[in-house]
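Q: Structure provided below as structure tokens; questions to follow.
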Amino acid sequence: MRIAEWDENDPLAVALAPPLNETPEERDIRILTELEEKATSDRIDRWLEEQRAIEKKSLKPIKLLLLGKSTTLKNFQIMYDPKTMRDERLVWRAIIQLNVVHSVHIMLAEVGERAYKSNDDDDDDAVLVSSDFGELLRIKGTLEPSILAAERTLVETLTHQKYDDLAGWKRSSSMGLTMSNNFFREISVNALQRRNVFKRNVSRSLPPNPGLALREYLQDIQTLWRHVDMAKMMARRKTNVTEMAGFAFLDVLDEVYAEDYLPSDDDILRARLKTVGVSEHRFRVPGYFGLSDWRVYDVGGQRSLVTAWIPYFSDNLHSILFLAPVSAFNQVLEEAPKVNRLEDSILLWSSIVSNKLLKSTEIILFLNKCDLLKQKLEAGIKVKDYVVSFRDRRNDFETVTTYLQRKFAGILKDRSPVKRVFYCHLTSVVDKDDTRLILGSRAYFAV
């Protein structure tokens, strides 16, 4: 018996109509089957809705702010954008060779300053000059014109502009590159133009090897670097210039200036191209639900301005990687010679963890440059001479790093507007394997 009247001209009504002459038993079976099918359909709908929510969540970019050494950014690129790193190796070759040129500038300036002071009868440092100091003066006279010529070639290679048109590199060029006439200042790159610098050179391809002109002077550079007087002059400097990028390559000059030289990952991690301003980098990072979009913001050398930029980053910022150079306990800021570098990191840490706009952001502390810290401690440099609160504690690596961990943890506990977990790692970010292990865990970046 028909339950209702159906419009036979409506195909949907015909399809949904119960069979004619359906018995009560058949009706019960049909209804039960329809209920089971609806339940199955509902489960599928719920699963699809959950998957859409997961997909929507995964498409939301993970935002990470780097405060400190840009080497961490290079580690991200090596891990998650290896093709770009391969394409940029020739660019990094020119940068490494320019780093070496900068280090030679510094050494030649030291020789010139020492020669000038040696004529002063009241010079307390006259004992630094050995009887062989004349060899350094000879090398200075030979190298200076060649180093300037090499700098010209490398700068023009990177910028695609005439060196003389850059006005001494005192002001920003259209490529965003600047350089002071002071040899102790290094090249800096405007963050807004950095990506274009690399893209332009990769697309046009660099000359075979712009640094080959220095090959005939490598012996003089090595003699300059290894001379006993140079070691004494460097040891008396307040700023440890041997931590600058170019000095890392002075012991492998034959390799760096070989015709077929291509920088390794380790070489690129040790190279330096100072970035001014904030740069954004995007990565596709594998995760549990496929690839996710990461936005990494590199503040680099502009950490002192980060508090002014926090409102622009605080929206949906997942994590901050805060790098504190612990080896810098006996160094001062280049831009503020009366400010201790470690103290500056501690003050910035306090400012970051106490900021209410960042209360939902995870903060991971890297006590960085631990390898250099060990070297300084083993050389007998006393932390208490530079950090008053360290007092008479043991001057060994374990004691110093434990003290610093407690110092940073105490500030987090006292200044944070919410209760936070203290994440801390002892690192040397030029050690790519150790850094990859930390970054690759992604435990801090889950959303």
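A Cβ is built for glycine as well, from the same backbone N, Cα and C atoms used for every other residue.
Got these off TrEMBL a minute ago, pasting:
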BINDING   269-275, 298-302, 368-371  GTP binding site
BINDING   Thr275  Mg(2+) binding site
Q: Return one of helix, strand or coil for Cys370 (GTP binding site), based on DSSP.
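A: DSSP call for Cys370 (GTP binding site): helix.
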Q: Return the count of C-beta atoms lying within 10 angstroms of the C-beta of Asn368 (GTP binding site), excluding that atom itself.
A: 27
Q: What three-state secondary structure does DSSP assign to Val299 (GTP binding site)?
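A: Note: Val299 (GTP binding site) is coil by DSSP, not helix or strand.
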Q: Using a Cβ-Cβ cut-off under 8 angstroms and a sequence gap of six or more, which residues of the chain neighbour Ala271 (GTP binding site)?
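A: In sequence order, the residues whose Cβ lies under 8 Å from that of Ala271 (GTP binding site) (at least 6 apart) are Trp92, Ile95, Ile96, Asn99, Ala245, Pro263.
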Q: Ten-angstrom check, please: count other Cβ atoms within 10 Å of the Cβ of Leu273 (GTP binding site), all chains counted.
A: 22
Q: List, in sequence order, the same-chain residues at least six positions removed whose CB sits under 8 Å from that of Cys370 (GTP binding site)?
A: Val326, Ser327, Phe397, Thr401, Leu426, Thr427, Ser428
